[in-house]
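Comments concern the structure below.
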Ligand SMILES: NC(=O)C1=CN([C@@H]2O[C@H](COP(=O)(O)OP(=O)(O)OC[C@H]3O[C@@H](n4cnc5c(N)ncnc54)[C@H](OP(=O)(O)O)[C@@H]3O)[C@@H](O)[C@H]2O)C=CC1
Ligand SMILES: O=C(CO)COP(=O)(O)O
């Protein structure tokens, strides 16, 4: 199965580098100048500097050529995916479309699988998610991810695994999508706690209560508990809440400490906080941490007011 990665950001580039070990891979960038620069330097200096691009990796800005592959990995920010699918649905329909994005679409309240199925009804939709920093994958460090598809897909699992990228498969697409989306919101909150110097104990409490609210919403929407406890949920929550490599965590740190943050950096949890809060309201699920992050991101609340609001919630059973 030929593979192409659509979206030459940090994650798409890292996956393309890793997958080049096991077969031909194309990497598509939306800007011709970006593709030309990568092809000339054999490096994605804009998005993943310091990671050499293998000679076998075919780089282009020609979507028709790249999307001739059977398996297309969609590696762009979640809020861009709906527009991308709508613009190219004819070309993408009938393919195996693997979303590598983590988030909930703010416009529709849906995850990547539903967006793909709505735009491309003839496609096979999948989600690739789990604890993995692009830089680690690109360096060939060991990484384990979850591949979620509605129908069991050992063939796709085998094609997208490499000696250092170990995929586990599941048919719980709801759990895999929501785990990856919601953990980013909690990672922003963990960053706020550290940025505001509230301490590691407070971060551990927040991660635990954050996991509880992630699980409440996901289970209500049909996820399986074991998926939430797996790589795409708990695993990625731990990674993102504890590492300064995470952009969501760093964004939270900046919010907590009052520092500036570059608005051009992809921070999926910012839009997803609001989308998740709206889903929680619609389904009657209490999500106090998510609501706090949505309000902080929207500058509707100060950090000290947000912390006071969380600490003054009624005492209850765990
Ligand atoms: N970085 C990481 O470690 C990981 C990221 N992810 C997920 O991967 C997704 C992408 O993140 P990441 O690669 O890091 O983000 P980056 O910010 O590094 O790159 C985003 C890429 O998407 C491209 N893009 C933006 N809008 C569109 C569009 N409308 N059509 C086509 N391409 C577009 C950008 O193009 P351009 O360069 O031209 O602006 C850019 O190349 C996110 O959902 C993230 O959560 C998942 C696991 C790890
Ligand atoms: O999803 C990720 C790690 O699994 C990447 O996290 P950030 O988007 O916060 O950098």
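Any Cβ shown, glycine's included, is placed from N, Cα and C.
Under the heading domain 'Glycerol-3-phosphate dehydrogenase NAD-dependent N-terminal', TrEMBL lists 2-150.
Mapped onto three states, the DSSP output places residue 11 (NADPH binding site) in helix. Under 8 Å, Cβ to Cβ, and six or more positions away along its own chain, residue 11 (NADPH binding site) finds 75, 100, 134, 137. Residues or ranges marked as NADPH binding site by TrEMBL: 11, 30, 102, 134, 247, 268.
Annotated sn-glycerol 3-phosphate binding site per TrEMBL: 102, 130, 132, 183, 236, 246, 247, 248, in sequence order. Counting Cβ atoms from all protein chains shown, residue 247 (NADPH binding site) has 22 others lying within 10 Å of its own Cβ. In the three-state DSSP assignment, the secondary structure recorded for residue 247 (NADPH binding site) is helix.
Positions annotated as domain 'Glycerol-3-phosphate dehydrogenase NAD-dependent C-terminal' by TrEMBL: 172-307.
Every protein chain considered, the tally of other Cβ atoms within 10 Å of the Cβ of residue 183 (sn-glycerol 3-phosphate binding site) stands at 33. What TrEMBL records for 183 is active site, proton acceptor.
A straight line from the CA of residue 248 (sn-glycerol 3-phosphate binding site) to the CA of residue 268 (NADPH binding site) spans 7 Å. The candidate set comprises the binding-site residues 132, 246, 248. Of these, 248 has the most other Cβ atoms within 10 Å.
The binding-site residues recorded for this entry are 30, 102, 247, 268, and the Cα of 102 lies nearest to that of residue 236 (sn-glycerol 3-phosphate binding site). When the Cα positions of 11, 30, 102, 134, 247, 268 are compared pair by pair, the longest gap among these NADPH-binding residues is 22 Å.
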